[in-house]
Amino acid sequence: MMPMEKLVALCKRRGFLFQSSEIYGGLQGFWDYGPLGVELKRNVKAAWWHDMVGGHNELVTPPGAPSTYEMTGLDCTIIMHPQVWKCSGHYDLFHDHMVDCRETRKRYRFDQVRGRWVEAKDQKIFVTTTVEADEEQADVQRRALKFFKLRPKDAESLKYDGDFTTLDSVQEQEKVLGPDAKELGTLTEPREFNLMFKTTIGALGGEADAAFLRPETAQGIFVNFKNVLDSSRMRLPMGIAQIGKSFRNEITPRNFTFRSREFEQMEIEFFCHPDESHKWYSYWRDRRLQWYKDMGLSSDRLIMREHAASELAHYSVGTADIEYAFPFMAEGEYGELEGVAHRGDFDLRSHMEGKLDPKTKPMEVEKNEHGQPKHRGSGKDLSYRDDLTGEKYIPHVVEPSAGADRATLAFLCQAFNEDEQPDENGKMQTRTVLKFHPRLAPIKAAVFPLVKKDGMPEKAKEIYGMLKEKMSTFYDEKAAVGRRYRRQDEAGTPFCITVDGDSLKEDTVTIRDRDSLKQWRVATKDLVAELTERLS
Ligand code: GAP
């Protein structure tokens, strides 16, 4: 795969992604989608919504599903009642551990600080780093040489003891060299840091008016579960989907959009009978993995990873991650695209009763300043009564939770290709091409007059107008046609339509396929039908 820098440069140059507030120096962890990026991400979200919600046929049992089921959608607010986050567990449990460096005033995520013991000049120190795994050894060596005041040619005099480990294995903190420090022992003990962004409602701004930007879209679905049931008269099993912004004050946003502070999620909360929940969990894991493959991610870069018990989130009784081998990860490592979690009845029960899963501390014992339970639930009955069997129960939930930005980044990484093609003079040139699935491509077709004369632009503009009604289309008459093809290859446009002399005589055009580079003629009247078929 390509080096990540090439993709990042292409994204900026062609208008897929820009750093937020760039003219003021940028804001870490925030990204803007440019003209091509916004179309790509909209297509990712539209494909997800169509395949999971709009296009779902509730009368037919899909392959691998235990039964038929219904799907519907919601669009909830970003700021919700603060009690939502107390009962969901985010107020108390949604945190990362961080360490500060007293020397440099920098802050790090505890689990991202790794290091090795290095010995020289009769002194043994633990040199830490936060750089990517494939560069960590080089970084540790460079910093150890500097610390011991050795020259690069003396690298062989450094002795290493043990492999890379995180800081929890190190007892002697006074021997630790922080990731950017010059002196030893400058890192603090790890501390908890809540990842929710805090804000204030109204003008008074006291602690009683504090609120949070949602760190996940899921809770909006749980607190509306009864509203959806009552208003739609839907029956279980059924899923409620939502796409929307979420916010997390990540300590170390990194890897382009992979870990951002503002991002979009595409989440489904799937409500079912507790006895059926494990079958639904398996169904959603397989279904979601297949979706990424159908959208073009290669099977050999995708894995499904079942979480170990120690890794499970506070609510989860089982989670599998769908992971992708992003090019910025070290060889053999994968990054999470989506989590599919079996959440049991944790959320509905918490919003009813204000209790947490028995595995974690019970929340209702904490009291506020008036002596009332701090984490009381809504007191509303969020159970479900099956009108056919009369059975009443609290549904179990399976949650496929995807990131729209991570999926978009994975599709960009997968699409990026370079090949050698002859230019107009027959000289071999490197062609950069984004081979998006046609459903995801930001522009579906580009229309070119071969030359800017003899009535060709007029005919091409007419065809452009006809196509634009049906699909995202681009018109270009600038520069040699070969260069125009290459610009569209970089944008990932599946089809280029050229109007030439014969087009005027016979009312035909040439279609050129982005991936095979094959060209063929069709009658102008058949163009929309031909492209529509190929794009689907
Ligand atoms: N409701 C469950 C939930 O939010 P999660 O694993 O924390 O679970 C789900 O998040 C997905 O949201 C992740 O798989 C990832 O795709 C996306 N996501 C989470 N944090 C993100 C971040 N800081 N930047 C970009 N995407 C993120």
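Each Cβ is built from the backbone N, Cα and C atoms, and glycine gets one as well.
In TrEMBL this protein carries:
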type: BINDING; residues: R109, E216, F263, E264, Q265, M266, E267, E399, P400, S401, A402, G403; note: substrate binding site
type: BINDING; residues: 248-250, 258-263, 336-337, 403-406; note: ATP binding site
type: DOMAIN; residues: 196-449; note: domain 'Aminoacyl-transfer RNA synthetases class-II family profile'
type: REGION; residues: 353-382; note: region 'Disordered'
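Annotated features, which come from TrEMBL, shown on the structure.
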residue: R109; record: substrate binding site; DSSP class: strand
residue: R248; record: ATP binding site; DSSP class: coil
residue: R261; record: ATP binding site; DSSP class: coil
residue: E267; record: substrate binding site; DSSP class: strand
residue: L337; record: ATP binding site; DSSP class: strand
residue: A402; record: substrate binding site; DSSP class: strand
Surrounding CB atoms that lie within 10 Å of the CB of R248 (ATP binding site), all protein chains: 22
R109, F263, E267 screened against R248 (ATP binding site), Cα within 10 Å - retained binding-site residues: F263
Closest of R259, L337, R406 to R109 (substrate binding site), Cα positions, binding-site residues only: R259
Candidates A402, A404: member of the binding-site residues with the richest Cβ shell (10 Å): A402
Those binding-site residues, out of F263, E267, A402, that come within 10 angstroms of L337 (ATP binding site) at the Cα: A402
Cβ-Cβ neighbours of R261 (ATP binding site) (radius 10 Å): 20
For F263 (substrate binding site), nearby residues of its own chain (Cβ under 8 Å, 6 or more apart in sequence): K245, S246, F247, R248, T257, G403, A404, D405, R406
Cβ under 6 Å from ligand 1: qualifying binding-site residues of R261, Q265, P400, A404, R406: Q265, R406
Rounded to the nearest Å - Cα separation of P400 (substrate binding site) and R259 (ATP binding site): 19
Length of the line joining the Cα atoms of Q265 (substrate binding site) and R259 (ATP binding site), in Å: 12
Maximum Cα-Cα separation in Å among residues R109, E216, F263, E264, Q265, M266, E267, E399, P400, S401, A402, G403, which the record lists as binding substrate: 27
